[in-house]
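Trainee: Relevant sequence annotations retrieved from TrEMBL are reproduced here:
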type	residues	note
DOMAIN	10-151	domain 'Aspartate/homoserine dehydrogenase NAD-binding'
DOMAIN	159-337	domain 'Homoserine dehydrogenase catalytic'
BINDING	Glu211	L-homoserine binding site
ACT_SITE	Lys226	active site, proton donor
Amino acid sequence: MNRHDIALIGFGGVNRALAQIIHERADELTDQLGFALRVVAITDLRLGSLMQADGIDLGEVFAMSPMDTFAGRPGGAAVPQNDFVIRNTTADIVVEATFTNPLDGEPAVSHVRAAIESGKSVATTNKGPVALAGTELNRLAAAHGVTFEYEGSVVSGTPILRFAGETLKGLRVNGVQGILNGTSNYVLGQMESGMTLDDAVAEAQALGYAEADPTADIEGSDVQLKIVILANEILGAQITTADVERRGISEVSAADIIDAAARGSRWKLIGSASRDADGNVVATVEPVALPSTHPLASVSGPTNAVSFDTDLLGTVTVSGPGAGRMETAYALLSDIIAIDAHQRSMIGASE
Ligand SMILES: NC(=O)c1ccc[n+]([C@@H]2O[C@H](COP(=O)([O-])OP(=O)(O)OC[C@H]3O[C@@H](n4cnc5c(N)ncnc54)[C@H](O)[C@@H]3O)[C@@H](O)[C@H]2O)c1
Ligand SMILES: N[C@@H](CCO)C(=O)O
């Protein structure tokens, strides 16, 4: 029986949820997928680091008291030691789910680079490395014969990137637009019901939707990273965040929301990227008051939706969870499945 050993870098909401899936559904997953999963390393800013080549008892980790760290356990230390753990773990897959840094993607870019350089495949939900160093990291992974997967970096567990990359093959996609941030969409909905922006953001944080610094959700830099990923992956662009004009929902007041509702409209934070007449990709992030007849107007709460403008099919819209710990952990599981399939195809090709 094939098995993948996993190192979890960052042990917050998303990676904890992945560990929970692995812990609670081990036998079912093995039967369904044809391979077993085992966690052999964990690092976290607060907990420190833990490396156990025979497999970490996740039940024990979940039972740790909130103030406890990994110090004193076999293979444990009070500090994360990310680079050491990533390079020396016996894991064949590194799962990176630390904070997204929208400025330079660090330290996650270095985490991904270290994993690839030491021959490990990577799954990440962290938008920083994908949006800000995706081309370099994909090339590095190809050069090392490993796989870099990042389905959860856009629209959480809803498989937008694989849908566009595999299912829409043969079509020309000329543009993509959508609601790409669960927190801001949730907040706008709560504000429609009379809640203040600050209270709605606090709720989104408690529900696990918001970034560690929710300014990224409210001011649009989270969507800016996601639209860079979509433009580069789907439209074949080579844009950076500097190419994406950005405005966030802090510009939308409670009065604007009431006015829009009176006119039958709803405010949404829309990210879009499309080719202009010269073939250049133009990308923006901005709040827009959509008429109720618009397909994106009815998308509520942390749900996201992405519309692909195609030549042969017209507009194709996919909608699903855009944030949430367990929903995003599923994206990581889908990446691990893709890594397994890629490894099997490499073995098959060499036989
Ligand atoms: N929560 C969601 O809905 C969601 C959806 C899609 C993508 N993401 C992305 O997934 C990642 C994880 O999200 P989350 O909700 O689990 O965040 P979180 O804040 O709950 O957890 C992040 C964890 O990483 C740890 N960490 C941060 N920097 C570290 C470092 N240098 N070394 C070791 N540990 C470090 C923190 O201590 C924390 O426990 C983020 O990049 C986020 O943008 C989250
Ligand atoms: N904070 C992000 C998480 C998903 O990337 C959101 O609310 O959409």
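For all residues, glycine too, the Cβ spot is worked out from N, Cα and C.
How buried are these features, and what lies next to them?
Mentor: DSSP classifies Glu211 (L-homoserine binding site) as coil under the three-state reduction.
Cβ-based neighbour count (10 Å, all protein chains) for Lys226 (active site, proton donor) stands at 26.
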Trainee: Specify the secondary structure state of Lys226 (active site, proton donor) as given by DSSP, simplified to three classes.
Mentor: helix
Trainee: Using the alpha carbons only, what distance in Å do you get between Lys226 (active site, proton donor) and Glu211 (L-homoserine binding site) once rounded?
Mentor: 13
